[in-house]
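Beneath this line is the structure, given in structure tokens, with notes to follow.
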Amino acid sequence: MEGWGEISRIAATASSSVIDNSKITSLQFDNQQNLLWCGDSKGTTRSFTPQSTSIPMPYPALHLSQYSKFKTSLGTSPVKQYLNHQKGILSLSHNCVNFNNRRGLTQLSLNSESLKEPGFNNLSCMTFNSNTNNDLVIAGDSLFKVDLLKPNMTTSFNHTGKVSMIDNTLNYLTLGKSNGEIEIFDPVSNQTVKSFYGHNGLLSDIDVQGNYVASCGYSLRPRRNQASQSSYMIDPLVNIYDLRMMRSLPPIPFSAGASFVKFHPKLPNIMIIASSLGQLQFVDIYDQSNVYLYQADLSNVNASTPTTSSNTYLANLEVSGNGEFITFSDGFQNLHLWSFKNNNSKNFINFPSYLEQPDFSPPFQQNHINVDDVVPLSSIGMPYYKDLLLSNYASDLHFTKELSKLPNHLDPELLQNQYSQVLPYNTLKYGKRNLNKFYVPLQNNVSTKQKLFPKFISEKNGHDSFDNENSNIFEYKLSNKFEVPNCYSNLKIQYSKFGVEDFDFSFYNRTKYSGLENHLDNSYINSLLQLYKYSPVFQNFIIKHLLKEWLPNDLTTIIQNGNPQGSSILNELGYIFDMMNKSHGKNCKTSNFSNVLSQNQVAQMQELINKDDCKNLNAFEIRAIIGKFNKFLLSTCNNDLLNQFNTSLSEITNIGYEIEIKSNGCNINNVNYNSQLTVDLMSPPINKLSILISANSTSATKKNLNILNYLDYSMNQFKTIKCQQCNNSFPHLLEIRQSLVHLPPVISINVNFTGQEFNLIQNFPNWLVPEFYTYGMNNKVSFKLHSNDNLSNKYELLGYVCEINVGSEFLKGKHNLVSYIKIESKWYLFNDFLVMPIPESEVFDLSYHWKKPIIVMYQLANHADFGSFQQQSFAQLPDLNDSILYRDHFAGGIRDSIKREYELLTKDEAPNAGTLIAIDAEFVALNPEELEVHYGGVRNLIKPRNLSLARISVLRGDNGPKQGVPFIDDYIIHTCFIDDYLTSFSGIEPGDLDPSSSTKTLTTLQTSYRKLWLLLNLGCIFVGHGLQNDFRCINLHVPKNQIRDTADFFYLPELKRKLSLKFLAYILLKEKVQTGNHDSIEDANTALLLYKKYLELTAIGEFESTLHRIYMDGQQLRFRVPDS
């Protein structure tokens, strides 16, 4: 194998436009004709044929000219692989397989739609099934077989796992998996007969020759530390396997790192090995001392394109059928062709068939008119016309975007329902048709000039303030009732370089009622949680159970039942309600509730988990999921009450029914009682509505149907069925009557109507009533709109969850859920973190086609007031259980290996209002941040990383002998995947949070959270550094009067730079802290000492001068501690 070298090099995929240039992704020599196939990253296929030329070339002997060029993939998917066929060439891309003849005409295209196989995507490789050229085996996430003679269906093999490479032998398929494993698969028995584990990282290439398989790949590089990312290194060996004996043979060493390996097609003992850096080696596998080594020139011959290390690589190594040529590509769109010297052959195979040439039509003969400077253009005639030409417009006429008038978009739902026979056109929804609509130019549209989004807090100056006239985000009514006002829109949280803390939530809420953030998982539940929060009866009942203790810590609950937080839906709901009581208009998070919900097995089975902000749900699916969640919430809270405290929601939301079954034909007469927590509102049939209306009533009376008619029909049912016991001897009917016998203080009504049913209630102007009365007679409950006595119970509308449809109901990701809630005789709109007052007339106006009530809630009018915990009386509450502050409660019980670094509180040290405590928390990252990088290098934060509490330390802060002694030092148990332990910042090492190996004081999240919640309600003063971010990640709202944050004390707003705890300790305390990994006990104690120093400087009147000196010293030291 002497004398090999480069004989040709062409820029195969280069283009005159830099934008259109694309990389070579696949190469293949044709086995029928003298062609070399080349595929690029944009799905284009080219073929080249060798030709003799007299033009001087930089590489002698052979010139490649392009024979054909055509598109072979859908969109811009790259061509991954070629496969030769007698009648053409098969090309594989991400989601399709194309079969073209050699001129480029498409013969067959296989994709998920043509095969009716939704799993036919994410394809990676293909080959023929053993020795046939008609059965095509395609691999990716699954393994398929397609008959090219009958390409209308697929056959799936019994194989699981991602396949990245595939080849065939006489009897088997050789499957290369992405983890470095090679499987020998028998397509006849449909099973794997042997597996080889040659590489513990990735697989880069395999080749099959007879009964031998060769492979090369990567291995995992040992990590230098636990926090570093996994990396791979190229294996310096080529593995060889013998399929006759099903064992591996001695590997072939290749010190440069083997990236590609090919058997010589004519010399089975010769193997060609190549590295990505361009080193090629011909080696005899039976005599490995017989080696020929070459180095490819991967530099670019085009001087205009600089050569960089990112472009100098070798890829896509292939060998011709006669073994006389090899080809590969580099990073400059160059195709390299090699052969041995003195090779006069120009054929890639020994006996190539005739290469069909393109047909040329003779040129069309016509008399051309020569137009030059001498011949005027006006000599060429034009057709007769009367009107002015388009080019004849005034010189002062300009076309600008602001003056443009664009037509309205056609609603897709109109096109979908164009053949509907029931409601062919909804005038209420779309307005009158065939009208000349008035279009307003953009520059006259006032709404485009108004402000919808706030500035970041860091961008504001002292002159920025709220201005209702400059913002229309609170606009709830438009002149065009078919458009959705801004206050109902899907709100998006914007992130600056300072994260979510820089977003101005106060821009959207100027009330004392708190909104909920919507950038978390399962944020669709916000509107329903806000509705239940402002029901005094429901809220008071839920939060009073927080006084009691339920802290499961057994490993069965934590691991087997999938509840690592040791919490429940009931507890987390109570914490949310209490947090919203304390926040007084500040935004709140539902992260802990969402995590417990996501790990709830019942919620998973009912498909209530949503992690994409409902982007894949249409209007019907959103209505269904929020209705299911309403039932799930009440039933789960009821079960939690039974399991935890031996009580239930029966006194709050339980609706009682009597079901009577009787017959006149036999002696069946049964009466049963049942109950449910919610009501599924049913629309009466048309004939029932006509009975309710009465045929003799006037037109005005017919429009007075309301929700009470629907409630009465839904709760009082009557039907007849055949008696199964007596059907043969004496046929007769059974009468089944359901009657309402009890209504609770809170009535939760699910309104999951169809589109036609919603259209019907929009015709009733007073369908949603603000109040109604119930009467009890003969142990039955009936509804009345008005009352004339004191024997009835009065119910008032608390509010309802409303779906906002933007565009067609079939569109996904365009719709929103809001809630209208009546609080202290005033109505408010809650749209996640937007809260605003709204007129009562707007609440009861259901005539908008985009506005649909989904969950309606009524409550007794004589309900109690809202209850909340007060610091002065919290410790004296009779049901309070605060024993967790004075004892250990480890997850899985107390273990001997646990190392304690704290001293528990005693009853003599019981905290009370004003008790000073120092706190610091450490976190781990469960998910990395999501970034959007633009072509110009601009990075936008789409979603911040998800931090989870890992350690919490609380120290005694009052003056005394135990000042600075910790009494809480909890490590939070984690059973889920942790993306980054943030060891340099948190001090948490891998294994510290694992219940099977940790030596730390592991507790559940709810155990530690309850300790902080008790300290908060007891009135303790929290001292720390950067507490705003800590409390946000913990999901705990602490009022400002209970926070002493040293990051805020030692801060000059005009300089807009906050000082680190490490730097402040060095300047003020003359101590170096955080010299290694962070320790939360050390950080909390340092913050406590800084606070004491602040009090000392303030008392002697030197704080201001000291603060300015700190900043001056910081500028000289660049705010860094020397030698740190």
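The backbone N, Cα and C atoms fix where each Cβ goes, and this holds for glycine too.
ASP920 (divalent metal cation binding site) falls within a strand segment according to DSSP. If you look up Swiss-Prot, you'll see ASP920, GLU922, ASP1030, ASP1083 marked as divalent metal cation binding site, on the strength of sequence analysis.
Summarising the annotation, Swiss-Prot assigns domain 'USP' to 484-861.
Per Swiss-Prot, the feature domain 'Exonuclease' maps to 917-1091. Averaged across the domain 'Exonuclease' (917-1091), the predicted model reaches a pLDDT of 90.
Annotated region 'Linker' per Swiss-Prot: 351-484, in sequence order.
According to Swiss-Prot, the feature repeat 'WD 1' maps to 19-58, an assignment based on sequence analysis.
Marked as repeat 'WD 2' by Swiss-Prot: 118-157. In the repeat 'WD 2' (118-157), the DSSP tally of helix, strand and coil residues is 0 helix, 17 strand, 23 coil.
Here Swiss-Prot flags 158-195 as repeat 'WD 3', drawing on sequence analysis. If one looks beyond the repeat 'WD 3' (158-195) by at least 6 residues along the same chain, the residues whose Cβ comes under 8 Å of a Cβ in the stretch are 124-131, 137, 139-143, 145, 201-203, 205-208, 210-211, 213, 215, 217-219, 241, 243, 246.
Per Swiss-Prot, the feature repeat 'WD 4' maps to 309-348; the stated evidence is sequence analysis. Nonlocal intrachain contacts for the repeat 'WD 4' (309-348), taken as residues 6+ away from its ends with a CB within less than 8 angstroms of a stretch CB, comprise 1-14, 21-31, 34-36, 38, 40, 48, 50-52, 61-62, 64, 205, 259-260, 262, 264-267, 272, 274-278, 280, 296, 298-302.
Sitting within 8 Å of the Cβ centre of ASP920, GLU922, ASP1030, ASP1083, and not among those site residues for divalent metal cation, are the Cβ atoms of ILE919, ALA921, ARG951, ILE952, SER953, GLY1024, HIS1025, HIS1078, SER1080, ALA1084.
Sorting each residue of the repeat 'WD 4' (309-348) by its DSSP state yields 0 helix, 17 strand, 23 coil. The Cβ of ASP920 (divalent metal cation binding site) lies under 8 Å from the Cβ of ILE952, SER953, GLY1024, HIS1025, ASP1030, SER1080, ILE1081, ASP1083, ALA1084, ALA1087, each of which sits 6+ residues away along the same chain. Secondary structure by DSSP for the repeat 'WD 3' (158-195): 0 helix, 22 strand, 16 coil.
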